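Participant: Below you'll find the structure I mean.
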Amino acid sequence: MIYHRIAVNVPLSDGLLTYSHSEPLPPGTRVLVPFRNKTVVGMVWETDIAPDMDAARILSVQTVFVEEKPLSQSWRDLLAFTSRYYHYPTGQAVFAALPQGLKETRAVEMPQPPLFYALNEAGRAQTPPPARFNKKAALWDALLSGEMTMAALKQANAQAAKLIEDWAEQGWIETTEAAKPVLRPYRGQASHSEFVLNTGQQKASDEIQTALGRFRSFLLYGITGSGKTEVYFDAMAKVLAQGRQVLFLLPEINLTPQLLKRVENRFADVPTAVLHSRMAAGRRTQDYLRAMLGQAKLVIGTRLAVFTPLPDVGLIVVDEEHDGSFKQDNELRYHARDLAVWRAKQGGCPVVLGSATPSLESWHKAQSGAYRLLQLTERAHASAQLPQVDILNIGRLKLDNGFSPQALQLLKQNFEAGGMSLVYLNRRGFAPALFCGDCGHTFGCPNCSAKMVLHQRARQLRCHHCDHREPIPFKCPDCGNQDLTAVGHGTQRVEETLRAFLPKAAVVRVDRDSTAHKNDWADLYRRIANDEIDILVGTQMLAKGHDFARLNLVIVLNADGSLYSADFRAPERLFAELMQVSGRAGRADKPGKVLIQTQLPEHPVFAAVKAQDYAVFAENELNERQMFAMPPFGFQTAVRADAPRVADAMEFLNAAKETLAPLLPESVSRFGAAPMLMVRLAERERAQVFLESTSRQDLHRAVSLWVQVLQQNRDGKIRWSVDVDPQEA
């Protein structure tokens with residue numbers, strides 16, 4: 001018998017178990033193995049090993065999926081690194097990185113190579129369709145130009161499938177399964193103004209292209225509207241024309257439809273895979289496998305796509321690299337941006353991190369020379385100007401449901417002038433809280449230490465942390481008062497205020513509640529493109545990367561909230577949020593205006609936003625962090641525990657802390673145990689210990705010791721986790 005180490009999705013120390021098989025199995029092969037009286041999926045990690053246990057106790061592999069291609073050594077190296085760095089069992093890390101189809105106990109069908117269509121010799125001898133049949137003629141010209149996929153042909157003519165079927169019956173079409181040696185992303189459109197870069201864009205793209213074929217990290221810092229996407233696309237075109245693969249990571253699912261439209265216009269004949277959580281499981285698995293087999297040349301996805309196996313990656317792009325969505329906040333707590341840089345080094349290719357407001361970690365690396373800084377200082381359209389930003393002190397103003405008189409006047413003027421406006425606040429629901437004016441009672445979530453949010457249309461109170469829901473009460477449970485008051489300004493309340501103030505305006509609310517379905521974003525883009533919307537009411541998701549050409553006024557209602565946070569990253573996040581949302585104004589050739597309402601107008605964040613000066617803000621913030629050895633000058637790990645009572649969680653962490661005190665490196669500081677800022681979540685109470693050090697190596701040694709002690713926990717009431725490079729306090 002041959003013995004193998006098999007990765008299994010179980011919370012053991014490393015998740016690797018020993019099984020036997022009559023033959024050596026290639027590492028990366030998917031198998032079925034017995035585990036605790038059931039059959040589970042496993043993946044061969046090592047083969048032909050010497051077992052460290054009694055051979056009589058070793059169980060046999062039950063099924064080998066021989067028709068499936070094993071996952072590559074480079075993919076397994078990525079998961080091994082991820083497991084080590086984030087101190088997470090290898091077996092569980094492997095299965096966190098796989099699509100649903102590869103986690104199931106049945107075989108998956110491997111995707112077939114794409115078909116390519118062209119006119120054969122007989123077809124080329126035919127008379128082309130008359131020019132008056134312009135779409136049919138366009139399809140014929142496309143087939144004349146060489147082998148093309150059906151997706152690309154449908155760009156020329158939506159009826160391509162039917163026409164090609166007809167022409168094939170005439171004996172004019174040839175099909176091949178072979179991948180084209182050269183992809184042509186510029187087909188017939190090189191002179192299109194959208195693809196012509198300005199001087200700054202061309203310089204940035206040229207520098208990226210000089211690094212093709214070797215590892216180099218670039219930080220592409222460009223003001224909003226400077227055309228970072230065009231720089232990405234220009235560099236991507238060079239890689240795709242070589243037949244190599246590109247990985248393009250986005251922070252949010254809702255950015256995907258807009259990007260895909262641009263990809264279809266620019267790279268119509270490039271086989272593309274799209275990977276995000278709202279895709280059907282079967283489609284996502286097939287796209288994953290197409291990428292693994294090298295059939296998909298362009299892979300676009302959210303954070304989990306960083307684990308997509310790519311046999312011939314030539315470029316990795318991380319758009320909006322500062323965005324917190326790239327950090328997974330449960331189970332395998334990885335950061336996709338950081339893993340993308342590691343993958344680029346592993347694959348020997350450039351990685352481009354792009355943002356108008358880079359993370360301070362990336363900016364610091366660019367300033368220190370670890371990353372090459374590329375800057376776009378002008379908007380892509382020569383006529384486009386940066387928006388005028390005004391900071392309004394609302395401390396003594398009377399507000400109408402959150403709106404100052406100045407804000408309402410600007411909205412009215414812009415509507416009458418035919419412009420589009422965005423009213424921005426980072427709060428879903430009708431109002432943040434329901435309040436009893438007689439006794440002061442507020443309605444808290446029974447499962448969390450958070451207030452319930454009033455959703456008027458659904459007639460519900462909801463917790464935005466654990467999703468607990470209950471009907472709106474008729475009276476106060478403490479004093480019986482029936483006159484309950486909604487306090488605060490959520491998107492639903494703002495929407496209703498605007499409808500009453502401007503009844504003729506088309507007001508559309510955009511938040512997670514209103515975009516929960518698959519096609520909601522595509523429908524929104526269609527309505528905006530057709531000038532069917534006058535005012536958008538939005539939350540944070542509207543601040544990210546969207547390009548709405550007609551938008552020329554942004555009103556920010558509640559800019560102060562995050563500044564009261566205990567999180568040291570709060571100013572950085574607020575600055576990025578305000579800069580990003582301000583950048584939505586004045587795209588294309590329309591001058592933009594931004595009005596930010598605040599009760600803290602003297603705060604340095606607002607001065608930096610008004611000046612539109614990221615570099616000054618970053619320098620000041622980095623100087624402050626350096627004084628206290630905070631990231632990026634120091635490194636952090638949060639060790640967390642939760643239990644029915646916070647006292648139990650703290651006792652568990654403090655016991656481990658006491659055990660480890662004499663063993664930890666002196667360079668590692670320990671803070672806590674202390675309750676988390678939101679103590680109660682989903683009927684569990686949480687505490688944490690922060691480990692900090694200026695030595696990443698010493699910190700990881702300390703975390704390894706902590707994990708060894710925590711793994712000895714046998715108290716079923718206690719759950720623990722480790723968060724390396726945490727983004728939340």
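Cβ coordinates come from backbone N, Cα and C, glycine included.
Since this is a predicted model, take the numbers as computed values, not measurements.
Okay, these came from Swiss-Prot:
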DOMAIN    209-376  domain 'Helicase ATP-binding'
BINDING   G222, I223, T224, G225, S226, G227, K228, T229  ATP binding site
MOTIF     319-322  motif 'DEAH box'
BINDING   C436, C439, C476, C479  Zn(2+) 1 binding site
BINDING   C445, C448, C463, C466  Zn(2+) 2 binding site
DOMAIN    471-623  domain 'Helicase C-terminal'
Participant: According to DSSP, does C476 (Zn(2+) 1 binding site) sit in a helix, a strand, or coil?
Facilitator: coil
Participant: Quick check on the motif 'DEAH box' (319-322): DSSP residue counts for helix, strand, coil, in that order please.
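Facilitator: Helix/strand/coil tally for the motif 'DEAH box' (319-322): 0 helix, 1 strand, 3 coil.
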Participant: Within 8 Å of the Cβ centre of C436, C439, C476, C479, which other residues of the chain have their Cβ, at the recorded Zn(2+) 1 site?
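Facilitator: Near the Zn(2+) 1 site, beyond C436, C439, C476, C479, sit G437, D438, G440, H441, P477, D478, G480, N481.
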Participant: Sort the binding-site residues C439, C445, C448, C466, C479 by C-alpha distance from T224 (ATP binding site) and give me just the closest.
Facilitator: C466
Participant: Going by C-alpha positions, which of the binding-site residues (C436, C439, C445, C476, C479) is nearest G227 (ATP binding site)?
Facilitator: C445
Participant: For C439 (Zn(2+) 1 binding site) and S226 (ATP binding site), what Cα-Cα distance in Å is obtained after rounding to a whole number?
Facilitator: 53
Participant: Name, in the order they occur in the sequence, the residues of the same chain whose CB lies under 8 A from the CB of C479 (Zn(2+) 1 binding site) and which sit 6 or more residues away.
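Facilitator: Counting only residues 6 or more apart in sequence, the Cβ neighbours of C479 (Zn(2+) 1 binding site) under 8 Å are C436, D438, C439, H441.
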Participant: Mean pLDDT, the motif 'DEAH box' (319-322)?
Facilitator: 94
Participant: What is the nearest of the binding-site residues G222, G225, S226, C445 to C476 (Zn(2+) 1 binding site), using the Cα of each?
Facilitator: C445
Participant: Closest of the binding-site residues to S226 (ATP binding site), Cα to Cα, picking from C445, C448, C466?
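Facilitator: Result for S226 (ATP binding site): the nearest of the binding-site residues is C466.
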Participant: For C445 (Zn(2+) 2 binding site) and I223 (ATP binding site), what Cα-Cα distance in Å is obtained after rounding to a whole number?
Facilitator: 41
